[in-house]
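A.B. asks: So TrEMBL says this about it:
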BINDING   ARG42, ARG48  NADP(+) binding site
BINDING   ARG138, ALA139, SER140, GLN259, ALA260, ALA303, LYS318, PRO319, ILE320, SER321, SER322, ARG344  FMN binding site
Amino acid sequence: MPRLRYLTAGESHGPALVATLEGLPAGLPVSRAVLADELARRRLGHGRSPRMAFEVDEVEVFGGVRHGRTLGSPVAVVIRNTEWPKWVDAMDPEPRDDLEAIRDTGRGRRLTRPRPGHADLTAALKYGYDDVRDALERASARETAARVVVGTLAKRLLAEVGVTVVSHVVNIGGVRTADDAARPGPEDLARVDASPVRCLDPDTEAAMIARIDAAHADNDTLGGTIEVLAHGLPPGLGSHVHWDRKLDTRLAAACLSVQAMKGVEFGDGFALADRPGSQAHDEILHGPDGYARPTDRAGGIEAGMSTGQPLRLRVAMKPISSLPRPLRTVELDTHDEAVAITQRSDACAVPRAGVVLESVVAIELADALLEKTGGDTVAEVVRNLDAYLDEVAER
Ligand SMILES: Cc1cc2nc3c(=O)[nH]c(=O)nc-3n(C[C@H](O)[C@H](O)[C@H](O)COP(=O)(O)O)c2cc1C
Ligand SMILES: C=C(O[C@@H]1CC(C(=O)O)=C[C@@H](OP(=O)(O)O)[C@H]1O)C(=O)O
């Protein structure tokens, strides 16, 4: 049974996004400024949509927090979309007498040429939409702003027990960091964020930027790979006893729930399939600081539990499906061959997607932490974790 539960609601061009998070302990320091800072991180990155530059995420807390501290009650947050005034007719939740005119021209005009790779066609078939805007509005990764709010609260809780989640970009469109490239620690996050592609190595960074520019000039889009790391985890989050309690199960599902994410690997992941067992595992040693591993191949998870080593996972993001050079499709009304709708769009959203992945990873880790410690207050969570870690240290 998860301890943390959340729901998001809202359409990409609607008035606002809404997030509700249930299960946070009382006494967690939270402020609008912290939420706004993380939301701003999600809007950065070379290759981003022009929309990222002019729209502002106006965040407001509506419940669960008093005088900068959580109360233990559900936290409710609204992120207002500053572009809403332009979209009122197109996205009005109220019934409208002038619907025909709205669907005829302007922002509300009916869209009937579904993009391959987006939700447009299949959601239209499944939900009976005759306008693919009804599909794209909710499928849009605009929703990830709400998840970053929830993830920021989860990160705040993890910080209380010394856990930090960071991400960086290791591949854009086939331009990769070297296998032995440095991995960011908690102290490196500002440096990662300062890079337009969130990559620490200057040579790879320059090549990634050039790759994005070339794709952009060619009216094309790019995907890539993001590595997420969590430092300071205790051993024993998650469990081997049941499939849905395994930490890797939960993390993989969370990462794949982010728009456009198509693969997840833990530690050396797919490369392990090519190696003999003698070179695939992390041998166990014992020294003055307790148990230790000379290698980091498993990515900090064995049998669905954190081992106490850094968590390391990689997520593959596919290229954006709204191409300026549109793909072939079919006009919904006539079945005539057509080209897909061309939406203003990200050319490459890999850098900013890292911030979203940090968030969903933090949510799962915070949930697993609370499952391990229980606790209605932050102090109780910390106390219970410390007592458990004291026991582990005795072993
Ligand atoms: C941060 C981020 C930004 C994205 N920006 C766009 C975009 O501008 N245009 C687009 O077509 N898809 C974009 N996507 C991906 C689509 O939302 C996604 O491909 C679509 O919802 C279909 O889901 P699927 O790719 O998971 O199958 C973005 C995804 C993320 C994580
Ligand atoms: C709005 C966001 O991302 C959007 C995600 C998205 C998609 O199809 O996923 C399409 C684009 O929307 P638009 O075509 O209106 O520019 C992105 O800008 C955001 O991240 O806040």
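Here the Cβ of each residue, glycine as well, is placed from N, Cα and C on the backbone.
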A.B. asks: Just to be sure I understand the contacts, which binding-site residues have a Cβ under 6 angstroms from any atom of ligand 2? Candidates are ARG48, SER140, ALA260, ILE320.
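C.D. replies: If the test is a Cβ under 6 Å from any atom of ligand 2, the answer is SER140.
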A.B. asks: Please give me the CB contact count at 10 A for ILE320 (FMN binding site), counting all chains in the structure.
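C.D. replies: So the number of other Cβ atoms within 10 Å of ILE320 (FMN binding site) is 27.
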A.B. asks: Let me know how many other Cβ atoms fall within 10 Å of the Cβ of SER140 (FMN binding site).
C.D. replies: 19
A.B. asks: Just how many other Cβ atoms lie inside 10 Å of the Cβ on ARG42 (NADP(+) binding site)?
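C.D. replies: Its Cβ shell of radius 10 Å holds 26 other Cβ atoms.
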A.B. asks: Where among the binding-site residues ALA260, LYS318 do you find the Cβ with the fewest other Cβ atoms within 10 Å?
C.D. replies: LYS318
A.B. asks: How far apart, in Å, are the two Cα atoms that lie farthest from each other among ARG138, ALA139, SER140, GLN259, ALA260, ALA303, LYS318, PRO319, ILE320, SER321, SER322, ARG344, the residues recorded as binding FMN?
C.D. replies: 44
A.B. asks: Highest CB neighbour count within 10 A among the binding-site residues ARG48, ARG138?
C.D. replies: ARG48
A.B. asks: Quick check for the class: what is the C-alpha distance, in angstrom and rounded, between SER322 (FMN binding site) and ARG48 (NADP(+) binding site)?
C.D. replies: 13
A.B. asks: Just to be sure I understand the contacts, which binding-site residues have a Cβ under 6 angstroms from any atom of ligand 1? Candidates are ARG42, ARG48, ARG138, SER322.
C.D. replies: SER322
